[in-house]
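See structure below.
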């Protein structure tokens, strides 16, 4: 098991295996299965890439919906509602643990707003604000370079796989792009306000973001396939769940909790463009590794993450095991670090998630002041953006990927979103340019829905 793996526990459901034919791309096959098996019947699903394996969780057996003012558990068409108070992680964790009494894995997403309760900002949320959606699937299909494994799969799932292996996946048509150069939300102006507030001592860092509207409907599975070929994410995902469609190439882990109690977080902060040719990329990397603004931004993010993980760790177990190395993520390169600890016996995976959520690299420092500034200066609510896509296992494991470099669709609206970390040395024009670089993870690879 790799350092960042989350064990899935022993399989207790009916399973079968199909050898993976040579030359078949597992990401392509998994995304096409999502299109054929789930989207064709308008069924909720989540596809999650983790450590060389794509897990397609198809169909909802039971769903946990956590809102700011209510918890709902939906099973067999029956919805049970209850009010909750205190920590959202405790409320969500208890409900998810019940799901995991009957299955090995659960999947879902956690909104940015899930993290505001820890900082006393829950009164800033509108009624019925979605905080999390987690479900146990009817069927799981795990795709890797070696094999395809099916759990509780029906005839139509097996037939879909046989058909795709026999005929091949669809060709990806020509992509379309969108213009990211406009600034209708006044991002540069908002950055300037944040710089003034930082200079006045209100906080040290804040991540501000901007949305880019996509003026056409996109084919999410095809876009995922095309974009995945050009990205090197730590995790990736494709989903239709809880009223939202999304796909993304996550650059970092918010939290990974292993069954043996090891906790990992991987803050990335500090950015330069990538993919402009070897010589230009080398110059950008050298600048990234020597630029005082980027180094300061990264160092204070690592310090904050280390303090947060210490809150839920066994005393003396928290350590930075990899500091400020360059991580390549598609169209950009980042300074990244890895922090590891051992979960204290008095804590659990939800306590670990809450301690590190929202990610310091998507909120601010100090985090309470940064989140408060986001409520005032950013386009809110953020929802899934800068939240997490999660996979949980019955053995206590958790894998939570930061939701960035993603496309979203709710109703008839499709959009992208990207942000930048603002510190006192920030320049509005450079921060705007950084959002353009991050948006380039997706903008060349948008496939219109036919």
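Cβ atoms are placed via backbone N, Cα and C, with glycine included.
Keep in mind it's a predicted model, so treat the numbers as computed, not measured.
Annotation source Swiss-Prot lists active site, proton donor at 252, citing similarity to another entry. A 10 Å cutoff on Cβ-Cβ distances gives residue 252 (active site, proton donor) a total of 24 other Cβ atoms nearby, all chains included.
Feature annotation from Swiss-Prot assigns substrate binding site to 270, 271, 385, 405, 419, 420, 421, 438; the stated evidence is experimental evidence. In the three-state DSSP reading, residue 421 (substrate binding site) counts as strand. Other Cβ atoms within 10 Å of the Cβ of residue 421 (substrate binding site), summed over all protein chains shown, number 28.
Positions annotated as Mg(2+) binding site by Swiss-Prot: 297, 431, 434. For the recorded site, residue 297 (Mg(2+) binding site), the DSSP three-state label reads helix.
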### Summary
Cα of residue 297 (Mg(2+) binding site) to Cα of residue 270 (substrate binding site), in Å and rounded, measures 6
#### Entry: Inter-residue Cα distance where the pair is residue 252 (active site, proton donor) and residue 405 (substrate binding site), in Å
11
### Query
Which whole-number value in Å describes the distance between the Cα atoms of residue 252 (active site, proton donor) and residue 270 (substrate binding site)?
13
### Task
List, in sequence order, the residues of the same chain other than 297, 431, 434 whose Cβ lies within 8 Å of the centroid of the Cβ atoms of the recorded Mg(2+) site.
271, 293, 294, 420, 421, 422, 426, 430
### Message
Are there any residues at least 6 positions away along the chain from residue 271 (substrate binding site) with a Cβ closer than 8 Å to its Cβ? List them or say none.
### Response
288, 294, 332, 333, 334, 420, 434, 437, 438
